[in-house]
Amino acid sequence: MGCACCKLRKTSKPSAVSIANSCGAEDRVQVDNRYIPDPVPNSGAGLIPNYNDFPNTGPGAFSSSSFPSNVSQPRSTAITGGGVTLFIALYDYDARTEDDLTFQKGEKFHIINNTEGDWWEARSLDTGKSGYIPSNYVAPVDSIQAEEWYFGKMGRKDAERQLLGQNNPRGTFLIRESETTKGAYSLSIRDWDDAKGDHVKHYKIRKLDNGGYYITTRSQFETVQQLVVHYSDRAAGLCCRLIGSCRRGMPKLADLSVKTKDVWEIPRESLQLIKKLGNGQFGEVWMGMWNGTTKVAVKTLKPGTMSPEAFLDEAQIMKRLRHDKLVQLYAVVSEEPIYIITEFMSQGSLLDFLKDGEGRSLKLPQLVDMAAQIAAGMAYIERMNYIHRDLRAANILVGDNLVCKIADFGLARLIEDNEYTARQGAKFPIKWTAPEAALYGKFTIKSDVWSFGILLTELITKGRVPYPGIFTVCVYVCVK
């Protein structure tokens, strides 16, 4: 599991890099898009490539006594049958409907049909049962995607948030795709020292021309798995040796089930409202269960507060927009009382989180990171030619590890010619709305930027109302 042979070094000819400048290479790079790229819908129509064409890397999976695994059986070398790629479960999954397949982490699958986008039809080699499985819960056997420490497309700030949370010890690490170099990876390690306290170091894992990998030219490896094993035995120039992989949260699903992927009107009887999370002028928000299996958030609207047509407009927008920093719409009940079913965010609204929750103790770097997440979501909305028109802390939801997502698209609109004119009599949150939008009904991307600026004041003041001491009707007189 040590260095590759000398022949490998001679043929590759990488540029001379010392561990000292390799350590800081990632830190010096200026990255515009610090969060993951916009998700691309999975066409699913292509054939599944054979990922199993690897050299045998031995015990590729990294484990540690600090990070117990609940794999039902140990991973072995790749199992192939007639050139068919096998997949392994990365997480436990409980079936939500009779069409789904319940499985345990470590189970192996033969994929029967992968043309349903986010849901694949598969047969378990452990139980012999067939059914649909979420595609982001599995990875090819013995591929890098199947490793505990591999997090795929993840930005620097998202990696730091993962590593600095969850009481991870020094030496906890993850590997992700490089944001700046195609085919390369980044190693992110939690570190500690007297000057900085807890922080994260980033190292570039470069790729050799013949397929090997290295951080420093002194140590080259045939696979990333071998590199991980090497640096778990010794620091060898890194800030510390690799102790254990960062814990991964359960991935979010784009749909409740394969049946609601295209037909997302669901019967009201399939929902159980469990706990009221909040109420407002037009309705309530509940934590609920769908089909007795899946925790969801349910937004209920009072009868008569919104026409079914306007409601469906909001739902269509939410279904069309898919991004890691936007709350995902799952389903709707379009008969009054109207229900909107979305993913559940454990910490509730950003406003309540800042005023009454854990947000009261947040420091400036954490607040800046939350603002950056919101900005990433709003940049996606802009690229899709939409304006939100109601951006404020009350409409941002917070999940685990300070993850922020934009919600409440009731005022969102598709814009043409870079401008949208509101109908006469439309109501807007005055203290968050740009003057030209509130006074003349002219909405553009710039008016959303104004609202984002007001949201920043909510962040920095821990939820204080904008323009304190000024009546709403006087706001624009003072702004002028």
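Glycine is no exception: its Cβ is also placed from the backbone N, Cα and C atoms.
Keep in mind that TrEMBL annotations are predicted by a computer and have not been checked by a curator.
Here the structure is a predicted model, which means the values were calculated and not measured.
What TrEMBL annotates here:
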type	residues	note
BINDING	Lys299	ATP binding site
DOMAIN	82-143	domain 'SH3'
DOMAIN	149-246	domain 'SH2'
DOMAIN	271-480	domain 'Protein kinase'
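Counting every protein chain shown, 23 other Cβ atoms lie within 10 Å of the Cβ of Lys299 (ATP binding site). Across the domain 'SH2' (149-246), DSSP helix (H, G, I), strand (E, B) and coil residues number 19 helix, 35 strand, 44 coil. Mean pLDDT across the domain 'SH2' (149-246) comes to 93 in this model.
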